[in-house]
């Protein structure tokens, strides 16, 4: 009798352990699905947003930034980037399963519910706005206006592919706020400044270029589904269009740097980055690349953007 009781107890203990293990595994899966929803598993996309913000901080007349100022910009950038990615997946939750590159995303694969995504979106926006409220009083009002102005285009951008021939233009406009807000934090105003205008325009052109390349991997799927992209709009001239964007972006950021009278160290690293950007654009004329080539191009652009930042860091060094 005692043997039977012992066996029953053992089976019960084992079942509890199995249930606990399964619950833990499920929690881990949900956590990583949430990380994927925020795109925190892909740091390149976060970096390529923070880089123009850093350009802005180091080009501002009051630059370079203090560590606390830079930290707040990075945290705000991560939160806004997460919000934009969630909004994108909510808009595209019925399209993403039809596209090879996106069909495994958490919402597309039903690993996360729409309600969880919406709650996460609200949390990310509240966190970003909380960062703004923590800014010094003398710059807070301007930054609240800028941050509030950015919310609508960020949330509506994913819908642009349904009604605009070149939705990448909307994303580029959104990216421009990554220059304006840090500049506002640093200076407390958006008064006309050649460095500000140059940094903003360079960022918009660069973003339009690299996102056009990113869209090239989806051209076949987008054509079948019936959605728009600048990669489809430019057709066989897409390499030329991207090259013009990169070329102008490189020249304009150099003009912005010259306006701040950066030292000669800037020009060496700027020249390397500029030359490699043009080389990258020229390579797009070949049509036979696999899909992941365009994702790698995106990564390389982030690296080159980092090289531009290094040029600015050296150029501001005394």
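Even glycines carry a Cβ here, placed using N, Cα and C.
Curation plays no part in TrEMBL annotations; they are all automatic predictions.
If you check TrEMBL, you get these features:
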type	residues	note
TRANSMEM	69-91	transmembrane segment
TRANSMEM	112-133	transmembrane segment
TRANSMEM	139-157	transmembrane segment
TRANSMEM	169-186	transmembrane segment
TRANSMEM	237-259	transmembrane segment
TRANSMEM	265-286	transmembrane segment
TRANSMEM	298-317	transmembrane segment
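Each of 139-157, 237-259, 298-317 was scored by its Cβ pairs under 8 Å to the transmembrane segment (112-133), and the highest score goes to 139-157. Tertiary proximity for the transmembrane segment (265-286) is limited to same-chain residues at least six positions away from its ends with a CB under 8 Å from its CB atoms, namely 209, 213, 216, 238-239, 242-243, 245-247, 249-251, 253-254, 257, 297, 300-301, 304-305, 307-308, 310-312, 314-315, 317. When each of 139-157, 169-186, 237-259 is checked for Cβ pairs under 8 Å to the transmembrane segment (298-317), 237-259 comes out on top.
In this chain, the transmembrane segment (237-259) does not touch the transmembrane segment (169-186); fewer than three CB pairs sit within less than 8 A of each other, excluding pairs fewer than 6 residues apart. Remote same-chain partners of the transmembrane segment (237-259), defined as residues 6 or more beyond its termini with a Cβ less than 8 Å from a stretch Cβ, comprise 55, 59, 193-199, 201-203, 205-206, 208-210, 212-213, 216, 230-231, 266-267, 270, 273-274, 277-278, 280-285, 308, 311-312, 315.
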